[in-house]
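What Swiss-Prot annotates here:
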type     : residues : note
TRANSMEM : 17-37    : transmembrane segment
TRANSMEM : 44-64    : transmembrane segment
TRANSMEM : 68-88    : transmembrane segment
TRANSMEM : 99-119   : transmembrane segment
TRANSMEM : 145-165  : transmembrane segment
TRANSMEM : 230-250  : transmembrane segment
TRANSMEM : 264-278  : transmembrane segment
TRANSMEM : 291-311  : transmembrane segment
Amino acid sequence: MIFVTLEHILTHISFSIISVVIIIQLMTFFVHEIPALSDSLEKGMIATFLSITGLLIIRWIYSGHFPLSNLYESLMFLSWSFAIIHMIPKIWNHKNKNYLSAITIPSAIFTQAFATSGLSTEMHESGILVPALRSHWLMMHVSMMLLSYAALLVGSLFSIALLVITFRKNGKLVVENQNLLIGSSFFDQMDYLNFNENINVLENPSFSSSFKNYYKYQLVERLDYWSSRVISIGFSFLTIGILSGAVWANEAWGSYWNWDPKETWAFITWTIYAIYSHTRTTKNGQGANSAIVASIGFFIIWICYFGVNLLGIGLHSYGSFILS
């Protein structure tokens with residue numbers, strides 16, 4: 001009973017903290033960036049990560065198995081994965097971490113909100129594992145797949161943002177909000193201009209067009225950079241996850257590959273991002289061309305993760321779920 005109580009407490013703590021974090025992020029997005037708030041944002045994400053980590057450990061202890069046996073647990077692990085990805089630039093001391101936080105923080109809160117409020121209460125309970133899941137491969141295979149989903153989703157969202165900006169007909173690029181352009185935590189600092197001169201420069205018609213085109217180019221370059229880096233990490237995790245799943249399938253079902261719906265869509269997902277990786281190596285593959293492939297992959301992942309579960313058929317049918 002005490003474990004269940006602790007789990008509920010940590011669930012509410014993590015969701016409350018990340019809710020405050022996203023409010024802080026919106027404040028720094030629409031208003032001029034405040035260093036103290038940015039520091040609080042980072043501390044909040046660390047606290048969220050620790051809370052979800054504690055929640056998963058407690059659930060592991062009282063259930064007796066790694067907490068990845070149903071959709072609720074996988075969603076909480078996915079939210080934890082978004083927090084991990086968010087902290088990678090901080091670990092590497094990367095100066096442009098604000099780009100990543102603009103994707104990871106909303107992803108983490110929406111995932112956790114759906115896990116806690118969108119699923120039936122029965123899905124929150126940790127039941128007895130079906131025989132096929134009673135294996136040491138559970139931790140390896142499922143954790144790698146979920147880490148890959150998190151990284152690939154984040155990278156694909158960068159690509160979608162890149163396409164929106166690239167093909168936007170009006171080149172205003174949210175210039176109406178001067179604070180957003182000058183000091184936004186999402187679009188980064190414009191270090192090559194003196195802050196006191198920014199407003200006058202933007203109001204100069206002769207400079208405005210070239211300035212916005214240059215800024216648009218810089219923004220697209222940043223989005224392309226982050227998209228390729230995060231997707232490369234996710235693709236590595238996906239490859240490891242599929243290979244470990246094949247070994248596990250051979251132990252459980254006597255065959256490395258059975259082409260059931262989950263395996264088929266996992267293979268389609270891997271193929272899409274393999275095409276993305278290949279496209280990046282071609283002469284004109286960077287930028288919008290590879291971003292189109294990654295954007296397709298974004299929807300393929302959701303089909304693989306959620307869509308197949310809705311069918312409730314195949315060797316992975318124990319992953320089906322009921323909405324509340």
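For all residues, glycine too, the Cβ spot is worked out from N, Cα and C.
Where the transmembrane segment (291-311) meets the stretches 44-64, 68-88, 145-165, 230-250, the count of C-beta pairs under 8 angstroms peaks at 145-165. Against the transmembrane segment (145-165), the recorded stretches 68-88, 230-250, 264-278 differ in Cβ pairs under 8 Å, and the greatest number is found for 230-250. Residues 85, 100, 135, 137-138, 140-142, 144-145, 147-156, 158-159, 256-258, 263, 266-267, 269-270, 273-274, 276-277, 294, 315 of the same chain lie 6+ residues outside the transmembrane segment (230-250) yet bring a C-beta within less than 8 angstroms of a C-beta in it.
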